[in-house]
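A.B. asks: First the structure, which I've put down as structure tokens, then a few questions once you've had a look.
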Amino acid sequence: MTAPTTLSQDELKTLVGQAALHYVVPGEIVGVGTGSTVNKFIDALATIKDSIRGAVSSSEASTARLQALGIPVFDANEVERLSVYIDGADEIDGAGYMVKGGGAALTREKIVAALAERFVCIADESKLVPALGAFPLPVEVIPMAAAQIVRRFAAMGGQATLRCKDGQPLVTDNGQHILDVRGLSIAEPLAFESQVNQWPGVVTVGVFAHQKAHVCLLGTAQGVRTLQF
Ligand SMILES: O=C[C@H](O)[C@H](O)[C@H](O)COP(=O)(O)O
């Protein structure tokens, strides 16, 4: 597929959202992520909704959009496996490791991704990076543990701040808080994810290494580039 060089970031998102339909298995339930790129995918999915059973959603926001478009949404507990999970990313590297959670949906995203045989990441080309770490790393935390987790990140050179919305700590779909951590170098994503996951009070760290992408549909000025990992 070719695209003129004048496509905006929004148009690139539309392009990859539509390209992701190719990975949806007819007659099945599809795993659906969260974010502005996924919103394009959901809109595209609505055009083939009669050929699928429905979706498992990773956020209240995606659930609302899916349902508004007439796509049935199943609880994750009703599903044993999914062929495919389609989601965006804040960063993705050349191995398919990602940073996610810019939209605060990282925990449910990881849960739904873990049900899927294949993770298809959809992103515009600004998300492809040589190494993870430039985007502030989202970490969902239990509020009473926030200060000690901030100190643990400081000890490894990171500056963690509490994400706020309208002057108040942002509350996730799970009733928890988000820390955004700047200044980290995530040279070994698998080891980093395992390490931070063990800290008491961490609900989910936004490094997706154990649930990495298998495919990335990257929107570029030249069209959709497919990366396989
Ligand atoms: O919590 C949000 C998710 O991880 C999103 O998939 C990620 O932030 C990318 O979102 P967008 O497509 O809006 O850039």
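Along the chain as shown, the residues are counted starting at 1.
Using the three backbone atoms N, Cα and C, a Cβ is placed for every residue, glycine included.
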A.B. asks: Looking at TrEMBL, which one out of Lys127, Lys165 binds substrate in the same site as Thr34, Gly35, Ser36, Thr37, Asp87, Gly88, Ala89, Asp90, Lys100, Gly101, Gly102, Gly103?
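C.D. replies: Matched candidate out of Lys127, Lys165, per TrEMBL for substrate with Thr34, Gly35, Ser36, Thr37, Asp87, Gly88, Ala89, Asp90, Lys100, Gly101, Gly102, Gly103: Lys127.
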A.B. asks: What number of additional C-beta atoms lies within 10 angstroms of the C-beta atom of Lys127 (substrate binding site)?
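C.D. replies: I count 21 other Cβ atoms within 10 Å of it.
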A.B. asks: Taking the residues the record says bind substrate (Thr34, Gly35, Ser36, Thr37, Asp87, Gly88, Ala89, Asp90, Lys100, Gly101, Gly102, Gly103, Lys127), how far apart in Å are the two Cα atoms that sit farthest from each other?
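C.D. replies: Pairwise Cα check on Thr34, Gly35, Ser36, Thr37, Asp87, Gly88, Ala89, Asp90, Lys100, Gly101, Gly102, Gly103, Lys127 gives a maximum of 15 Å.
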